[in-house]
Amino acid sequence: MSGRSCKGPFKILVLPGDGIGPEIIKEAVKVLKALGEKKGITFNFQYGLIGGAAIDETGVPLPEETVELGKQSDAILLGAVGGPKWDNLPPEIRPELGGLLKIRKVFDLYANLRPVMFFPELKNASPLKPEIIEGVDILMVRELTGGLYFGEKKRFTTEQGEQAVIDTLIYTEKEVERVVRLGFELAQKRRGKLTLVDKANVLESSRFWREITEEIKKEYPDVELSYMYVDNCAMQLIRNPRQFDVIVTENMFGDILTDEGAVLAGSIGLLPSASLNGKFGLYEPIHGSAPDIAGQNKANPLATILSAGMMLRYSLDCPEEALLIEKAVKAVLQKGYRTGDILEPGTALVTCEEMGDLVAEEILGGVYDEGLPL
Ligand code: IPM
Ligand code: MN
C-alpha cells in the first residue's frame with residue numbers, strides 16, 4: 001500500500017433535491033457508509049436544500065445556507081432537481097436554472113467529466129448492437145459554466161413589430177483554455193487521444209476554441225488531437241464509438257452528446273458525473289429527477305453510487321476506494337441483479353433500496369480486495 005491516507009474525516013454536503021433524488025442519494029450514502037466501515041474512513045454528511053425542495057421550504061432554489069455548507073465541505077453529492085410542480089415558475093427561479101446551473105456557477109465548476117463505460121453484463125440492455133458498444137471507454141469533458149446556458153437571454157420586438165429572442169454564447173479565452181487543458185491532461189493519463197467537438201464550419205466561437213486548442217496542443221506532444229464537427233460526432237458515437245478516448249466540448253454540445261453517450265452504456269441510470277474546479281467537485285448522476293417514477297423505490301441508484309466513486313477519486317484522494325465501489329457495482333451486475341431500466345430475461349428485478357443494499361454488502365463482504373483487477 002502507498003503512504004497516502006484516505007481516512008478523512010471528510011465533510012460531504014449531500015443535496016438530495018427532487019423527484020427520485022432523495023431515493024438514489026440514500027443508497028449512495030449507504031454505500032459510502034459501508035465503505036467507511038470497511039476501510040476506516042470517516043465521512044461527515046451534512047444535508048442541504050436545492051431545487052424544488054428548496055423552493056418549497058425557503059422560496060429560492062439555492063439558499064445561501066446551502067452555498068455556505070458547500071464552502072465548508074470537501075465535496076458535494078447531489079441527486080437531481082426539478083419536476084412538473086415547479087415548471088411554471090419564472091425561469092431564473094426554476095430548479096434547473098436557479099438551482100443546478102447556479103450552484104455550478106457559484107462554485108465555478110467548469111469541467112464536467114462524464115465517463116461512458118461499457119458494462120459487459122449489460123451489453124444487451126443497450127438498443128445498439130453488442131459488437132458496436134463492446135469495449136467502449138470514453139471520457140466526455142463538457143464545459144459547464146459558460147456558453148449559451150449562461151449568456152444573456154432576452155425577448156424583444158423587432159422594428160417590424162415582430163416578437164424575437166436572443167440567447168448569447170460567450171466564452172473567454174481563459175474559460176476555453178482551462179477546460180481544454182484538462183482534456184489534454186486526462187487524455188495523457190488514458191489512451192492519449194483527444195477530440196475537440198465543435199461546429200467550426202459555422203460558429204465563430206468554435207473557431208476560437210480551435211485556435212486556443214492549437215496553442216495548447218504544443219505543450220502536449222504526446223497527445224493525438226483531432227477535431228470533429230458535432231453533427232458528425234453524434235453519428236460517430238453510435239457508428240463507431242470505440243474511436244473515442246477523451247472528448248472535450250462546449251456546454252450545450254456536451255449536454256446533448258452525453259445523453260447520447262448514455263445509450264452506449266445501456267441506460268442513463270448508469271452514468272455518473274463529476275463537476276470540477278481543481279480538486280473540489282460536485283458529483284451527480286447525469287439523469288434527471290424522473291418525476292414519473294419518484295417515490296416508487298424503483299429508480300436505478302447505480303449512477304449516483306458511481307458518482308460517489310468519482311468523488312472518492314477526484315476530490316478525496318481515495319482512488320483504491322473508488323475502484324472498490326466500481327468493482328462492487330460490477331459484482332452485483334454479474335450476479336444478475338437489475339433495476340427495471342436494465343432488466344432482461346434471466347435477471348432478477350430489485351428495488352432501488354435493494355440495489356443499494358447489494359452494493360453495500362459487496363463492499364462489506366470484502367470479496368473484492370484491493371489490487372484485484374477489474
Ligand atoms: C444535465 C442536465 C442539466 C443541464 C439541466 C437539468 C439544466 O440536463 O446535467 O445534463 O442541462 O446541464
Ligand atoms: Mn443534460
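Cβ coordinates are placed from backbone N, Cα and C, and glycine is handled just like the others.
Keep in mind that TrEMBL annotations are predicted by a computer and have not been checked by a curator.
As a whole-number mean, the pLDDT of the domain 'Isopropylmalate dehydrogenase-like' (11-359) in this prediction is 97. Sequence annotations record features per position, and here TrEMBL assigns domain 'Isopropylmalate dehydrogenase-like' to 11-359.
Counting only same-chain residues six or more apart in sequence, the Cβ atoms lying under 8 angstroms from the Cβ of Lys298 (NAD(+) binding site) belong to Thr339, Gly340, Thr351, Cys352. Among the features that TrEMBL reports, NAD(+) binding site is placed at 83-96, 288-300.
Within 10 Å of the C-beta atom of Arg142 (substrate binding site) sit 27 other C-beta atoms, taking all shown protein chains into account. Arg142 (substrate binding site) carries a strand DSSP state (E or B). Taken from TrEMBL, the feature substrate binding site covers Arg104, Arg114, Arg142, Asp231.
Listed in sequence order, Leu101, Asn251, Met252, Asp255 are the same-chain residues at least 6 apart in sequence whose CB falls under 8 Å from the CB of Tyr149 (site 'Important for catalysis'). Residues annotated as site 'Important for catalysis' in TrEMBL: Tyr149 (among others).
There are 18 other Cβ atoms within 10 Å of the Cβ belonging to Lys199 (site 'Important for catalysis'). Residues or ranges marked as site 'Important for catalysis' by TrEMBL: Lys199 (among others).
As annotated by TrEMBL, Mg(2+) binding site applies to Asp231, Asp255, Asp259. The secondary structure of Asp231 (substrate binding site), as reduced to three states from DSSP, is helical.
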Discussion item. Looking at the recorded positions listed here (Arg114, Arg142, Lys199, Asp231, Asp259), whose Cα lies nearest to that of Gly83 (NAD(+) binding site)?
Written reply: Asp259
Discussion item. Same chain only, sequence gap of 6 or more: which residues have a CB within under 8 Å of the CB of Pro95 (NAD(+) binding site)?
Written reply: Gly17, Asp18, Ile50, Gly51, Gly52, Ala54, Ile55, Pro61, Val81, Gly82, Gly83, Trp86
Discussion item. Based on a Cβ-to-ligand 1 distance below 6 Å, what subset of the recorded positions Gly83, Arg142, Lys199, Asp255, Asp259, Ala294 would you report?
Written reply: Asp255
Worksheet item: In Å, how long is the longest CA to CA span across Arg104, Arg114, Arg142, Asp231, which the record gives as the substrate binders?
Response: 27
Practice prompt. With an 8 Å cut-off on Cβ-Cβ distance and a minimum sequence separation of at least 6, pull the same-chain contacts of Pro91 (NAD(+) binding site), or say none.
Written response: Leu97, Lys153
Worksheet item: What does DSSP assign Asp259 (Mg(2+) binding site), in three states?
Response: helix
Discussion item. Quick check on the binding-site residues: of Ala290, Ala294, whose CB has the lowest count of neighbouring CB atoms inside 10 Å?
Written reply: Ala294
